[in-house]
């Protein structure tokens with residue numbers, strides 16, 4: 001395969017490296033096209049699974065990297081990115097819990113930190129020119145390291161398919177476990193796993209069983225429900241079934257509990273940031289339980305106006321995270337607005353897991369505004385129903401005046 005004209009001026013590049021076909025090809029391509037620059041591979045451990053990390057360093061070095069940095073970000077990812085985001089109530093287009101989107105800023109931040117540590121003058125990613133991730137990564141790079149050059153091979157090289165990449169590696173005697181028969185494009189982290197490609201590209205096709213890898217088919221889930229209890233403090237899950245856990249531990253435990261019940265599957269056609277629509281299947285078992293529990297406590301503790309404001313913050317935050325604008329003043333502002341409400345989101349929730357559903361069935365909070373004495377339809381001593389008459393007259397005053405004016 002033809003090699004493009006060599007580019008000069010780049011001495012050391014930090015590549016966001018996964019060990020997959022794309023990034024394995026990027027390493028030799030960078031050396032050939034950027035004046036034999038030094039390549040430092042960087043992998044973020046955001047909970048994608050130990051099996052994805054085994055042999056990664058050896059693979060990177062065999063492909064031509066001078067070193068490989070694997071950075072453990074699992075706890076930080078959940079504590080500083082996932083928890084603050086779900087505390088806002090952010091959910092993209094009503095269904096997507098932003099699993100891929102939330103991971104990009106912490107990965108980009110860690111990549112920049114590695115670049116500073118090794119004295120690199122460029123950053124590289126393997127995102128395609130059609131997707132959201134190129135914007136997310138480069139938006140973060142612009143905010144954190146505007147002085148570093150960004151290299152996006154998919155926007156430069158003439159390779160267009162897996163077959164092209166495999167041929168490229170074969171010509172250079174670089175071994176890879178990838179094959180041309182890979183069906184789906186997947187991205188996993190502690191929060192979720194996404195699936196795209198294959199038969200999913202036709203929205204008339206129902207996802208086959210082989211699409212799903214994290215959760216049990218709800219039809220095959222247990223015939224008996226399971227109940228899980230979550231303790232919530234300041235809109236963060238701190239205990240699961242009475243056991244105090246770190247943010248990452250809590251998520252892992254909920255994943256293990258909810259996945260066998262088929263909880264957290266969605267199949268959506270979303271509006272990408274770059275203008276096109278794409279179809280994706282997502283599995284977010286533990287996150288779905290967390291999200292439901294937080295909303296259940298909010299129902300108890302937030303008054304009407306606060307709830308409306310939280311919904312506005314949630315909608316704006318969902319688009320901001322999806323669009324890759326984490327490191328912005330607006331994100332800081334939205335998170336601060338959310339935290340002022342989060343101080344009231346304390347309580348305990350019991351969630352029923354059954355055949356793909358996660359339904360809060362019990363909830364209580366020391367900050368609850370719900371009063372059985374006020375809400376009862378029976379006789380009570382704290383609410384005089386006659387008082388409602390004056391309220392209704394004032395509440396409907398504008399309607400009454402409008403009616404008089406139209407006579």
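Cβ coordinates come from backbone N, Cα and C, glycine included.
Feature annotations, courtesy of Swiss-Prot:
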BINDING   16, 17, 18, 19, 20, 21, 22, 23, 24, 44, 126  ATP binding site
BINDING   96, 101, 132, 136, 185, 194, 270, 282  L-citrulline binding site
BINDING   128, 132, 133  L-aspartate binding site
Extra residues within 8 Å (Cβ to Cβ centroid of 128, 132, 133), L-aspartate: 127, 130, 131, 134, 135, 136, 274
Among the binding-site residues listed here, 18, 24, 101, 185, whose Cβ has the fewest other Cβ atoms inside 10 Å? 185
Listed in sequence order, the residues of the same chain lying six or more positions from residue 194 (L-citrulline binding site) whose CB sits under 8 Å from its CB are 99, 100, 186, 187, 188, 280, 281, 282
What is the number of other Cβ atoms found within 10 Å of the Cβ of residue 22 (ATP binding site)? 20
Long-range same-chain neighbours of residue 126 (ATP binding site), Cβ under 8 Å, sequence gap at least 6? 15, 16, 18, 20, 22, 23, 26, 153, 154
Taking the residues 96, 101, 132, 136, 185, 194, 270, 282 listed for L-citrulline, what is the greatest CA to CA distance in Å, to the nearest whole number? 19
Since the record lists 133, 270 as binding-site residues, which of them has the fewest other Cβ atoms within 10 Å of its Cβ? 270
Show which residues of the chain containing residue 96 (L-citrulline binding site), separated from it by at least 6 in sequence, have their CB under 8 Å from its CB. 266, 268, 270, 282, 322
What is the Cβ neighbour count of residue 136 (L-citrulline binding site) at a 10 Å cut-off, with all protein chains included? 26
